[in-house]
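First the structure, in the form of structure tokens, and then the observations on it.
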Amino acid sequence: MTAKKRSASSTRWMQEHFDDHYVKLAQKRGLRSRAAFKLEELQEKDHLIKPGMTVVDLGAAPGGWSQVAVKLVGDRGKVIACDILPMDPIVGVDFLQGDFREDAVLNALLERVGDEKVDVVLSDMAPNMSGSDGVDQPRAMYLVELALDMCHQVLAPNGSFAVKVFQGEGFDEYMKAVREAFKVVKTRKPDSSRARSREVYLVATGYKL
């Protein structure tokens, strides 16, 4: 991508961002990102999170999904969040800053979880996009594979998993792996996802040990 193209692309993104209905609505409701509406839509359709549950939120910053999750689990529940980027504190959310790809960070996250299994694993992780599918897609697939591996380590029987996946090379194989691990897997494209984005969300329920 040339500097001129990149500049035009960035300008278009900024214009879309500021004109975006969901961005304005998020600001009005005090939500940290428009992504919060994606989780709200998934919750409305699939009822993933219930009061008293323990939820792990991967790729949490700036905190839109954690804000939604902590309200849903209530005082008796727990939300454990992780991101490579910093995140301002949210009451009721135990946040760990670090690169989830590193063993030390994974181990620290597992320590936060403790011996209790979790009910829901959420992943809105995405790599820094370079604009090259040949680079971006493998990076994105690596992250979602790590998220599925996290499910295998911490998820309770019949637990649930919601993960952002970019359609492209490796998607079908990943879908197969998720289907092998869960009883029911649905593909969702929330209304709040940008139409031109290749992102979809896999909502998997009924974790099979």
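A Cβ is built for glycine as well, from the same backbone N, Cα and C atoms used for every other residue.
As annotated by Swiss-Prot, S-adenosyl-L-methionine binding site applies to Gly63, Trp65, Asp83, Asp99, Asp124, with the evidence given as sequence analysis. Of all the Cβ atoms in the protein chains shown, 24 others lie within 10 Å of the Cβ of Gly63 (S-adenosyl-L-methionine binding site).
DSSP gives Lys164 (active site, proton acceptor) a strand state. All protein chains included, Lys164 (active site, proton acceptor) registers 23 other Cβ atoms within 10 Å of its own Cβ. Marked as active site, proton acceptor by Swiss-Prot on the basis of sequence analysis: Lys164.
Counting only same-chain residues at least 6 apart in sequence, those with a Cβ under 8 Å from the Cβ of Asp124 (S-adenosyl-L-methionine binding site) are Ala35, Lys38, Leu39, Asp57, Leu58, Gly59, Ala60, Trp65, Lys164. Comparing local CB density within 10 A for the binding-site residues Trp65, Asp99, the maximum falls on Trp65. Taking the Cβ of Asp83 (S-adenosyl-L-methionine binding site) as centre and 10 Å as the limit, one finds 22 other Cβ atoms among all the protein chains shown. Among the record's S-adenosyl-L-methionine binders, Gly63, Trp65, Asp83, Asp99, Asp124, no two C-alpha atoms are more than 18 Å apart, and one pair sits at exactly that spread.
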